[in-house]
Structure formats: structure tokens, C-alpha cells
Amino acid sequence: MDSRLQEIRERQKLRRQLLAQQLGAESADSIGALLNSKDEQREIAETRETCRASYDTSAPNAKRKYQDEGETDEDKMEEYKDELEMQQEEENLPYEEEIYKDSSTFLKGTQSLNPHNDYCQHFVDTGHRPQNFIRDVGLADRFEEYPKLRELIRLKDELIAKSNTPPMYLQADIEAFDIRELTPKFDVILLEPPLEEYYRETGITANEKCWTWDDIMKLEIDEIAAPRSFIFLWCGSGEGLDLGRVCLRKWGYRRCEDICWIKTNKNNPGKTKTLDPKAVFQRTKEHCLMGIKGTVKRSTDGDFIHANVDIDLIITEEPEIGNIEKPVEIFHIIEHFCLGRRRLHLFGRDSTIRPGWLTVGPTLTNSNYNAETYASYFSAPNSYLTGCTEEIERLRPKSPPPKSKSDRGGGAPRGGGRGGTSAGRGRERNRSNFRGERGGFRGGRGGAHRGGFPPR
């Protein structure tokens, strides 16, 4: 850790020296004096020249004033000369750079009655990240102001708890284990690989094997995925955003969503992470790519997915250094969204074992997985689905129904006059209800006469 910090300091010192050479500064410490703009330097020079000119002309004018008024007291003249000398000495003092100790000078809207919140500057002053001030981020209070959604979440949690299979887990080295032995094919697969990126950010040594994206791509996920299924892949916040998409395409998935985990530091403001050598800024978020396989439409496949129940953001406190566990909320998002009961968690740990999931990972301390027993939970027709109640179906968000031709109005072929089937432009002027030159019957919106009302 100390060697890493020393290396960062040496690199910073070298950058400052190179910058000083480019700017023509005498040393790295004098860079600040050269960063003033040309306009500022010109303004400072003009101000100094104006002050010197005023000092040079003020002494003769003062002497003439005393002579005109008959005041020739030498003491007063000496006092005035001393005052001028003091002012000139202050002017000749070297320029001192002003040091700002708080953000009051830079706050936005300070002249208004309602100053703006500058969360970026507040982070610089206090170390509190801007995401610390997002309200109602917890599962318990997120839907307090939305009673229908709160009731929907409660009903879905009860249904999921009733339909969950007993928790099963298998201790296995995923790199050497043939995952094709896992049966049956799964509706949901969650991958949480121990990436090298996680340990670069923490600056500690990994206590397990770090997986590269080449190793992850070799996994035969497509062999254990159902024809209609979803995958959730934690990919960090760096190169994994692109390489994770490559993995999804190789396994036959299409990326359809990006769930973002935003980390707060309310409990430990100002804590700085070890800077990733491959990053410019300190990253405070991670991404979980979501992929879809097969044809699933939210408007027609309500038996398999319930869309728009949760949001695609997870906002929780950042874990301690060295802890690479992901928030448990990802399980709630998956269970609320997909109604499939065959759920697989790869690279799981003892802390992630939960009902309704088959957990596989090298760090598990025990195993209870039995292929025949697990397959028996889904032997009945449609038993791989959790099902849905009438109340859940009524409360859940739905896509608007498609509009038919009759809903749009009309249904009869175009033609005739503007209002209906009478196509003449003045041929039947003697008929009742005739509309003159435009033709047709006056109607509403539908039917043969553009409104469906029979002619009177």
C-alpha cells in the first residue's frame, strides 16, 4: 500500500515538472503564477500604472492646496509625505495569491433569495458524494408515496415466497466444472465473476482467483439457458461494459437493459479509494448488464415477465474496502421482473444462498444440490412459472392495448364525400341533410358515414 502511494506521488511530481517546462516556469511551485489569463495580467498592469500616476500628481496638488489656503505648516506637509511613502511601499510589495478556504466565493445563485445547491462543490468541501442526497432509496420507503406500487410489491413478495423452491447450492470450481451438468435449463442466470478490476480499486490482494474476460467468455452459458430466458452480468465500470456485451452476444443474448449500482458514502464521507491505474477518476458506480434470449414482449408475455415494477437503479452505501459483494436488491429486481422459477446464481457465496435459487461457486463451504430433486420441482406443466393473482394483474403496470381499426374510426373504404358514402359534389342537392358542395352525411367518428349514425 505504501509503495503504491509513493508511486502515485512520484508520478504527480513528474507531471508537474513537465507542465512547468511547457509553461516556461522556473520550477513546479511557480506554475500557479503563470496560470492567470492575459486579460487578467493586462488588467493588473493597467491598475498599477493608474495608481502610480495618481500618486505622482497628488503631492503637487496637495502642496498647491495648502499654499492657496495659506497653510504652510511644515508638520502637516511632512505627515502627508509619510502617508504617500507608506502607500507607495504597499504598492511595491510582491503580489500574494489569494487562498480560498471555503466555497462561499463560488456558490451558485448567492445573490438570489433561494441559492442553488452545488453538490459538486459540496463534495469538494465535505467529501459527501452528490448521490448521498437522493431521497427514498431504500426498499422499505421507496414507495411510501405510491400506495398501489407498495401494495403490488407486497403481493408479489408473498407470491414469490410461496412459489420458491428450497435453496440449493453446489461448491464447485466453475473453471473446471462442466456447467452443462446443471439441469434443467434456466429462466434466469445471474453471473457475479470476481473481476481483477474490483481488487485494483481496493488496492488489496485477492483471496480468490480473479477471472479475466477471456475466461468468462469460455463459459458455456448458452448450453444451460432456456430458449426464453434472461441473464444478468455484473461487469464493473471499466472495460467490462464493452466486453460484457461481447459475452452476451456470444451466448445468444441481446442487451436490453443496464442496471446501475450507485454507491453512497454517508457513513464515511471523505473516504478516498485507491485510484485505478487504468482510470482517470475514482469510480463510484458499477453496472449489471441485462440480456434477453428469445422473443419476449411485455404486451403479450404477461405470464413470464412483469415490466416496470422496479427501477434500473440501486443506491446503497459503499461496502468496506475488500468486500466485493453486490447489493441484495438485485435479487428482488430479478424476482419481481421474471416469473420463471428456475434461477441460477454463478460465483455465489454463502451469504448469497437464498430460496428459489441454485447457487454455484468455488467459495461455498457446503453442497446439497441433487439434479433429480431439483428437476422434480418443475415436472408439472407450467410449474416453472410462479403464476399470478387477479389482484397483482390489476395493479401491475401494463402496456396500453393496441388500437384496432374500429377504434381509430371508420372501417369502410375511403371514398365518396368527406362525410360518408355520398361521393357527389353537388349532384344530389335536392336530398335532405345534403351538405352542399362537399357531399356525404354529417356524422361522428366511426361507421360507414364517419360516425356510425344512420342518415335522417
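Backbone N, Cα and C atoms are what each Cβ position is placed from, and that goes for glycine too.
Per Swiss-Prot, the range carrying the annotation region 'Interaction with METTL3' out of 91-94, 199-202, 255-258, 291-294 is 255-258. Per Swiss-Prot, the range carrying the annotation region 'Interaction with METTL3' out of 203-207, 208-212, 308-312, 388-392 is 308-312. With the fewest other C-beta atoms within 10 Å around its C-beta, Arg298 stands out among the recorded sites Arg245, Arg298. For Arg245 (site 'Interaction with METTL3') paired with Arg298 (site 'Interaction with METTL3'), the C-alpha to C-alpha distance reads 23 Å. Model confidence over the region 'Interaction with METTL3' (278-287) is summarised by a mean pLDDT of 84. When Cα-Cα distances from Arg298 (site 'Interaction with METTL3') are compared across the recorded positions Tyr146, Asp242, Ser399, the shortest belongs to Ser399. All chains included, 12 other C-beta atoms sit within 10 angstroms of the C-beta of Tyr146 (site 'Interaction with METTL3'). Sequence-distant neighbours of Ser399 (phosphoserine) (same chain, 6+ apart, CB under 8 A from its CB) are Arg298, Ser299, Ala307.
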